[in-house]
Each structure stands twice: as C-alpha cells, then as structure tokens.
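Report on the following structure.
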C-alpha cells in the first residue's frame, strides 16, 4: 500500500499549502516507516519548505535521532541554511540536543557557519548557557574569536548573558582572547562590569584582563563600574590596580563620574584610594564643580573635607561658588562661604558671585553675599556693578534696596558711561527709578552720548518716568552731544503727549541743536503729525527761525514733501519768499524735487498761497528753469503751473532758457511741453562765451557722446519742426563733427530741413581731426562738408551731398580746394576718395546747379534751401529740380531728371539713379 502511495516519483515532490513535500510531511508526522520508504524511493533530501527548512532541519528540530541518522546516511547536506541562516547544527544547539549535536559534529558539520545575525553554533551554545554543548564544540575545535554581527565573541556573550562562570572559565582555558573588542569597543571585562557580574569580573581579572582597556568613548572598566554605581566591583578593580586618574574622551575621571552619579559611597572609596580632586575634564570642571552643579550637598562636603580647591576655575572662569550661585543653591553657597571661598573672584566675563546672584534675582543669596562682605563696586567686563545689573535686569526693587542700603555707589558709570538710573530708565522700571531718585541719584549725570536719564526717558517714550523726572527737577534744557534737548527728542519721536508735557513744564521752543534746528524745524523734517506742529505754533514757536543752512520750517517741510505741514505753516503766517543759503525760496526748492510724487501737491499749494513764480536762484534760474534742469519725466500738468509768458523764455545768468536746459538734458518730453506752451527755439545764448541755441546744444551734446544718436535725432527733429534751424549759429563746425562721427541720420535731418552748406577752416575743426588731417595743406582755408566726408573716406555721406547738391564753391570743378584734396589723396593712397572725385567731381557742373551753389554761398547761413532756390531766379522748371519732396514715409528725396526727360540719370552727374543714396546698399538702414 505504501509503495502505491509513493509512486510515481512526481507525487513525492508534490507540496501542500505550507510548501512541504511528502518527506517533510512524514518527518513532521513522526512517520518513520514512511520516511524510510521515501528515502529509499529517492525523495529529494534538499527540498525546502516555506521556511527554507530541509528534511534534516525538520528532523533535528523535532529531535528524531533515527531520522537524522537516516538522512545523514542518505547524504543530506549538513551545511544547508534555512531562511534565518540556521544549519542543522545551529538548530541542534538551539534545541539543546547534545546527542544530535554529537552526531552532526561526527558527520562533519561546519562549526564556523553563521546564521543571519552572525552567530556560530558556539555563540548559540553560550547564549543558551549549555555547558555540555559548549564543551563538545570547544573540543571539536571551533574558532573562539568568531564574531557575530555586533562584533561579539563567545566570551563577550558569556560575560553579557551572566551565565555560570564555568563557561567563562572553559572559554578562557580554551584560549579565548580577553582583549578582543566588540563593535562598541567593549572587552569581556567591560561587559561583565556593565552587567554587574562580580564573579565573572573576578575570573577575568584573575585571567589577566587589561584594566585600562578603553571602549569607543574612552571608558575603562572602572569608569563603567562607577557609572553603574556598583561599589563591590569598584573595590575589586581598585584592589586590582585600576588607574584612578584615567580620563574618558570627555576628560572625566572615575571620581568625576561618581560625583555625577551622586554616589557618596563610591566617592569616599575613590578619595580614600587617592583619587586626585583637582583633575579637570574637557570643560575645565573639577569634581567639586560637578558636585555643586548637581546640587549634591553631601558630596560637596566630602570634597571640601578632602581638601578640594574652591578657587579652581573651569573653562569660562567659574569657581564652585559661581556655579552654586548660578544654580541658586543657598545651602551650598553657605558651605562654600564658610569654607573660605573667595567672594571677589571674577569669571572670564568679569562676574563675581554677587553679580550672578543679582542677575538671577535671588534675594536670599544676595543677602548672604552682602553679609559675607563682598565688594559692591566690583565691575564685570562691561563695567557693570551689581547695582547696574539690578537696574538693567529689571528684577524686584528689593534687591536694589539691599544694595543701596549696603552702600552701593549710585553714580558709578559703566564702560559706556551709564549710571544705574540711566539703565533703570532704559528698562522702563518706574519703581527702581523712584528708589534711585529717593536715594539721591544725580539726574543730570550724562553718558558717553551726553544723554541724561531725562533724555533717555523721552526717547523711550515712557510718560510715567518722564513725569517723575520732571517732578524731581530734571533740567528741561540739558543738551546731549548733538545739542538735542528733551523737546527735540520728543518731537523727533512724534510723541505728542510728551511734547505737551514738556511745553507745559516750560521747555524752550527756540532751543537749537548742533545743526541749528529748533523743535519746529524737527517737526517739519521728521514728518510729525500736524498736531505737534499745531501745538508748537500755538505755544509760540517762531516760524522764520533759520537753521545753520538758513532753512526755515517751511523749507524743511517742502523738502520732505509734507503738504499738510506746509499748509499749516503758511496759514500761520510763514514767509514764502525767505531764502536759504542756496538762495532758494520754498518754491525754488520744491520744483527741484518735483520728480518726487509729494511735490505734485506742494507746487500748486505754494502757487495758490502766492509764491513768486518769477523768483530766481543765485544763477538766475526761475522755478521753471530748476524744474526742467533737475527733474526728469515731468508731467505736463506740473510744468504748466510754471510755464507762463514772462518766464518761459527767460534766460539765466548764463543765457540759458528753460528750453535750452531741456535740450541739454535731451528731455524730449520737456522740450515738447515747453514748445507747446510757447517756448522760442530760436533764442540765442552768448553768455557762456559760445553762441548756442537749443538745437545747437542738442547737436553738440550728441557729438560729445552724452546720449545715443536716436535720442538726439528725436530732439533735433522736434526742434527743427518748430523752425529751430533758422537760428542755428553760422559756424558749420557742428555739422562737420556729425560727418566725422558718421552720424548719417543727423546729417540727413539737417540737409533735408534746409541746412546751408558752409565751409570751416582747418584751425576751427582741428580739435576733432584724426592724424591724417594733419597733412591737409594750410592753404586749404575752406573745408567744405563734402571735403570732410572725403577726408573721412565716408563715401556714403559724400554721395548723399553730391546728389542733394549740398555743395559750396570750394566743391566746384576747378577750385583750388578740390585740387589740394586730389593731391593729398594721391600722396596718402586714399584710392576710394580719389576715385569718387574722378567720377563725380571732374566734369563741369550744369549752369542752373552752379547758380544754386553760388547763391547758397552768397546767402550763407541766413536762408533755408527753398529761399536759396528762389533767389537763383531760375525758371520754375529748374527750381523744381532743386527742391526736396517728402514721400509717405517721411524720407527726403531729390527730384531727378527722370520725371522731366524719362532718363533715369542723376541730375548732377548723369550717373545711374541706382547709385544714389536712396537705392544704394546703405539705403534707409544706414541713412
């Protein structure tokens, strides 16, 4: 029947829901007969169930010795590990089955195999405390130093798990290393001490364990015994010769640790054994420091009795007394004082015990220290006495009273010159202020800034303390180092309540600070509420008082843009035409700041109250001049307030009109608004020694590189469209400079709007010539615009001038100037300019064009192009040929003979129209 059950083979390997094959099931069921049949039938011995156990694992776990024998005989693998890394030997040890352990060892099981947490069979046997199996494994020769995943050897486990010392003895006898360390640096001795196993400690000491071995934080066995508070083991280690002064990596000795634990018995043992009392840890603390810090009065007494130094300092300079005071331990403070602790010792911040007691607000300890006779005037590193600290730290006034009663000096100053009264005011402690005043504190004592306590009370805005100080007789007119009285400070802080108190108390309204400011000045400067201004005026503040810059309150209010205060001052009778040191009236000052939004309200306000719109500063600038000169992006409505007939064309001492100033700044917006309101672009200035107009200023400014060409062009075009070209100075130097700088758009703008062609001497334009100009013969008295273009080798501009007949007699064929140029170009190898002359300036000019050039020369700069054309008295046909027309894009084009003759040739040279500027490669993008 069994034979039928176990065939065919495939059925033997079928698994149930637990992943067990037939052999597994038979072993788990204890069916020896079935197990034998399955083995004989060839069942797979290494098949694993869901937990990774093979048949051998299951047989070992269930203690089936016969089955184990059968499986071993059948060839079962002894080293196979289940999911937890256990071999059959691990399981046998874990089950405590000594017989099966023997069988597996005899069959060749590997003793060093480790499970998933690194345990060998020996680790497990020690962990179970099974001496018999431990002996068998040792006898089989395992590695005694094998470590688990935490670095523990079998001896470590024996020490930790606190089993019978017999296992420890056996492991030591077998050669286990006593000094092997686990991952935390612990030896077996550390572990035994940590577990408090005195017997094992004795065995390890007897076997020669190193007493000074340190773990990863520097602890020896003695440190650990002290830390655990195990007096018995401490005694054993001391008796064995453990070093008492060894320090862990934090600098702690055994004594220090014993004190930290508050173990009086251990402390006594260590002292008796000769432990050094003054050894310091890494923070500089001795055992006495720590005992005080822990508040252990009994241990403190023992240490004092043993001779501990009370003046030893830690890393911040604190003695035991400093620490006792800091901890507020009155009992220990008394013991230390009785033992002779120095009361005046300062820590590294300069604090005595009394400073610290005051700082903690501990009235009881303060009393004890005063009674013991400390110096009340001892200073810390900031120069503070105990009384200073009592005032600063705002504690109960009781401490202040004690210090005063003990004789603390009221006028002692800190390093910053502060008295106790000053500091009490700073903290706003009204009670302490009262006590100090009552004790006779000087009210007029000044700190390093020259401030009295009264100044500070006002600055801090403490109404109650201000009232107390006034009542006590504080001087209202006392000035600090910058000349501020209390009233100045109250106004500066905008505290109307204190301002009222001071006025009522009789504060001087006209007192000036170091810059000559009165309270009213400051009210205007600091933009205080109009209530303070009203109160100062009502109290009689002078409106016309000037500060050191001769500014009145109105000037200052205008400067800050406070229209409400300006209005109040004017309504009270403030003068609008008063001038400051810069000769500015309030209006002249206001327009200088018109770019700031608040001024947009003040300018119309001043105008409404009748400010003189024609007033000028020391340079002759009216309000309109200053607004244009000093502000940008002016709104039209603001400018319109000042732009009226009598000033819009007024010239300054330097001959500048508002329009010229706008031109100088290239302010297109201002130029446009001024022109709209009647500014004359043709006014000429000569005051500066150079003839100029608004247009010439734009052109000259652009050539100096002040702005980009586009901005200059926009401004120039705007002016030219308002007929500014007619007044351009006759000198053509500016135009020559445009050519030199290759400013084609400006050149075209000037030419197309009727700029006359004029010559300049070499000397006139020498300042902007490049080196090759130096070779120009001095006999060339006339440098025409065309000549300059050719000297610059600027063929594009030269072509434009020729095609637009922008020529002078010096450019006519046969002139000496042309011959000089031709010779110069031959010498300097200027082939392109020479070629241009050959192509364009070698044939006689048609008479009607020659007539135009002659008339232009005769009229000079007094006539525009159209007037010059009409002066030729040529037939209308020829006059039309010389006129410009404007196309839809605004380009200026010269009529050609194509419209008259149908021949596409230039009117000047007969060259193809395609070579003209408008159709050349340069075209619009360059011109």
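Cβ atoms here come from the backbone N, Cα and C positions, even for glycine.
TrEMBL annotations:
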type     : residues : note
REPEAT   : 51-83    : repeat 'ANK'
REPEAT   : 84-116   : repeat 'ANK'
REPEAT   : 117-149  : repeat 'ANK'
REPEAT   : 150-183  : repeat 'ANK'
REPEAT   : 184-216  : repeat 'ANK'
REPEAT   : 217-249  : repeat 'ANK'
REPEAT   : 283-315  : repeat 'ANK'
REPEAT   : 316-348  : repeat 'ANK'
REPEAT   : 349-381  : repeat 'ANK'
REPEAT   : 382-415  : repeat 'ANK'
REPEAT   : 449-481  : repeat 'ANK'
REPEAT   : 654-686  : repeat 'ANK'
REGION   : 899-927  : region 'Disordered'
COMPBIAS : 899-920  : compositional bias 'Low complexity'
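If you take every residue in the repeat 'ANK' (84-116) and average the pLDDT, you get 96. Packing against the repeat 'ANK' (654-686) from elsewhere in the chain are residues 619-620, 622, 624-625, 628-629, 632-634, 636, 639-640, 643, 645, 647-648, 692-695, 697-698, 701-702, 706-707, 711-712, 714-715, 718-719, 722-724, 726-727, 729: each is 6 or more residues past its ends and has a CB under 8 Å from a CB in it. Break the repeat 'ANK' (449-481) down by DSSP state and the numbers are 17 helix, 0 strand, 16 coil. Beyond the ends of the repeat 'ANK' (283-315), by six or more residues, the same chain brings 251, 253, 255-256, 259-260, 262, 264, 267-268, 271, 277, 321, 323-324, 327, 329, 331-332, 335-336, 339-342, 345, 347 to within a C-beta distance below 8 angstroms of the stretch.
Across the range of the repeat 'ANK' (283-315), the DSSP-based residue counts are 17 helix, 0 strand, 16 coil. When Cβ-Cβ distances below 8 Å are used as the criterion, the repeat 'ANK' (349-381) is approached by residues 316-317, 321-322, 325-326, 328, 330, 333-334, 337, 341, 343, 387, 389-390, 393, 395-396, 398-399, 402-403, 406-409, 412, 414 of the same chain, each at least six residues removed from its ends. Taken residue by residue, the repeat 'ANK' (84-116) breaks down under DSSP into 18 helix, 0 strand, 15 coil.
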